[in-house]
Amino acid sequence: MTPSPHLAARRTRQDAGWLFSASFRPFFLGAAIFAALAVPAWAVMFTSGFGEVGGMPALVWHSHEMVFGFLPALFAGYLLTTTPNWSGHLPASGRPLAALFSLWVAGRILPLVLPFILGSIVDIAFPVTVAACLAREGRARSAQQTRHGLMLFPLLAVLSGLHRVASGDPEWAAMTARGGVAVAVLMIAAVGGRLVPSFTRNLLTGRGEERVPEPYGRFDVAVLILTLIGLLPWVLSPMSLPACLFAAICCFAHAARLLRWRGWLLRQVPVVFLHVGYLWVVVGFGLAALAAEPLLLVPPDAALHAFSAGAIGGMAIVVMVQLSLTRGAGHRPASRLCLIAILLIDSGAVLRVAAPVDGARYLEWLVAGAALWSLGFALFALAHAPITSAIRSSSAPTRASGSD
């Protein structure tokens, strides 16, 4: 008798062990460990005047690995886990998932030892492969999640290649890095714009609250269009007048959007920190607007770190915790570690963004921010294994809790 597809998938996951039984497990764990190691490594390089890593200047290597290494792992873990819920396919698991994860690991290690061109090919292979996996899901059903991924990963692949090619030109390298961050911010605005109010609405409705987030509508679409338009001048010329004006408009638009979600009514952790993570998008656009005015003494990279360390790091850790707890067996010790991790990452982002305020102690603030941020992801990695070690008894794909 031929076993059903669901039974076969369940056996595959059991044979794979907990790590490769679901897409978010290896990628979230790998991204957390990578962040816990790569950021302190960069801090050591920066303070010791280290020159070059893997054929790139140390600063360019740092931005490349955080934008085009850390970031794709986060989105791969999330999209490869949630997209099958919408497409009707069974999630990737077992050997195919292990091979995909190994490709990401290879992209972090092999460029350090291979010739530059070969290393670049290995690096770019991961986002291209993930895009192909998501395209497979899209053939079954045109899901919102699939469309997001099909836009995200090809863009990251192109920008990653351009960033490596332009590594010898500081201006072009910085511009392509901003491009990668801008793609992530747009994804946060698109995916987070549905995820945050959905979780919030479910929690508030569950306790009988009548004041709930406004439903997704034309206002949200207008904010996304504004975000796309506003990010372009910031990527190309962050100190220009158009960048300042559009960033200011985007700041107010995202602030209004955040207020419509009524996050102040929440009491549940970690969902309340989804609102904090989205607040970093508002802060990032605000700093981008202020940085264009030299008299205000806001450094050009303040917005970059508000978007990256704050919005990307802050939103990522909460989604990682939430997905791990809802798809695995959460228990109090791990949950407490996750809460501490969230607080450390947001605190580290604050210190990193604020570091230039005190020029005399800039280095101390920078190192402290890097330490807190990386420690937060280290704690998540420590908590992640106990959370995800228990595989749910139900093998059929289920819609992610709170997602639209």
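Note that Cβ sites are derived from N, Cα and C of the backbone, with glycine treated the same way.
Just so you know, TrEMBL annotations are computer predictions that nobody has curated.
Annotated in TrEMBL:
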TRANSMEM  59-80  transmembrane segment
TRANSMEM  172-196  transmembrane segment
TRANSMEM  216-234  transmembrane segment
TRANSMEM  240-259  transmembrane segment
TRANSMEM  271-292  transmembrane segment
TRANSMEM  304-325  transmembrane segment
TRANSMEM  337-357  transmembrane segment
TRANSMEM  363-383  transmembrane segment
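Only residues 6 or more beyond the boundaries of the transmembrane segment (271-292), in the same chain, are considered here, and those with a CB under 8 A from a CB of the stretch are 185, 188-189, 192, 195-196, 199-200, 203, 230, 234, 238-241, 243-245, 247-248, 250-251, 254-255, 258, 261, 263, 298-300, 302-303, 306-307, 310-311, 314-319, 322, 342, 346, 349, 353. Within the same chain, residues 178, 182, 185-186, 189-190, 193-194, 197, 240, 242-243, 246-247, 249-250, 253-254, 256-257, 260, 285, 288, 303, 404 sit at least 6 positions outside the transmembrane segment (216-234) and bring their C-beta atoms closer than 8 Å to a C-beta of that stretch. Sequence-remote contacts of a segment are chain residues at least 6 beyond its ends whose Cβ falls under 8 Å from one of its Cβ atoms, and for the transmembrane segment (240-259) they are 189, 193, 219-220, 222-223, 226-227, 229-234, 275, 278-279, 281-282, 285-286, 288-289, 291-293, 303.
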